[in-house]
Amino acid sequence: CLTFQLACCCGTAACSLCCKCCPKIKQSTSTRFMYALYFILVTIICCIMMSTTVANEMKTHIPFYKQMCKGIQAGEMCEKLVGYSAVYKVCFGMACFFFLFFLFTIKINSSKSCRAYIHNGFWLIKLIVLAAMCSGAFFIPDQDTFLNAWRYVGATGGFLFIAIQLILLVEFAHKWNKNWTAGANHKQVWNGLLALVTLILYSIAVAALVLMALFYTRSEGCMYNKVLIGVNGGLCLLVSVVAISPCVQNRQPHSGLLQSGVISCYVMYLTFSALSSKPPET
């Protein structure tokens, strides 16, 4: 009985006790919110680890900083807890946490099953497990081999993530275009709004392309940046032409420049992200 009471304190009972003033939401929605909150929390920690400013401030303002770093075997100035290698380890622990619950929730058909109760509650215990997994990644033997292998896993996962995002964006833009086109049959104002939004999207994409060409290239050198900007800009133009081509229009009457405009903006964002993350050439 005592064990059951303790489990309730770490599960949904604690949330309902502390959140009576909050509006009622579905359990599935609250579960998604909590997992998203965990993800955001770990992401913020990773951003702090990547910030040299935060690391320097910690060295300056935390007393006994050097002794504490030696005590937890993180190096004389906690160099093992900052930088990209530390972020890789923390992300490895987070990936293991979510993969574990992915396996745990396979073939759950009802929210009343035992596994569903665990999936939808016990948030304090899950937070402790997540912290333990992220911390345990720092004690993996042969760190160099682990980091080299995890880079390839991260690159593969990043590629799949971007591909899924592109599919979802195309689907979203297709439904958007379909709904507004249907509204244009009753009011012509929807045609004007559709044209306006499409013009704004392409204006953003073109402006981003021009600004990246100005700030990330120069007359001599920067060949990698020039190729990346040129290829991605050319692909955006190709997608736009394909979206309004007769063969596509015959098969997909609701296809248009809105979809390609959304994708062009997203591709420009990805290009900017890649160029801003690339170390500057000397």
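Any Cβ shown, glycine's included, is placed from N, Cα and C.
Feature annotations, courtesy of TrEMBL:
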- 33-55: transmembrane segment (TRANSMEM)
- 86-106: transmembrane segment (TRANSMEM)
- 118-140: transmembrane segment (TRANSMEM)
- 152-172: transmembrane segment (TRANSMEM)
- 193-217: transmembrane segment (TRANSMEM)
- 223-244: transmembrane segment (TRANSMEM)
- 256-275: transmembrane segment (TRANSMEM)
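In terms of C-beta pairs under 8 Å, the stretch of 33-55, 118-140, 152-172, 193-217 lying closest in packing to the transmembrane segment (86-106) is 118-140.
Sequence-distant residue pairs (6 or more apart) of the transmembrane segment (193-217) and the transmembrane segment (33-55) include fewer than 3 whose Cβ atoms are under 8 Å, leaving the two stretches without contact.
Remote same-chain residues near the transmembrane segment (223-244) are listed as 202, 205, 209, 212-213, 216-217, 255-257, 259-261, 263-264, 267-268, 270-271, 274-275, 278 (criterion: CB distance under 8 Å, separation of at least six residues from the stretch ends). Within the same chain, residues 162, 165-166, 169-170, 172-174, 176-177, 180-181, 194, 197-198, 201-202, 204-205, 208-209, 212, 216, 225, 228-229, 232, 235-236, 239-240, 242-244 sit at least 6 positions outside the transmembrane segment (256-275) and bring their C-beta atoms closer than 8 Å to a C-beta of that stretch.
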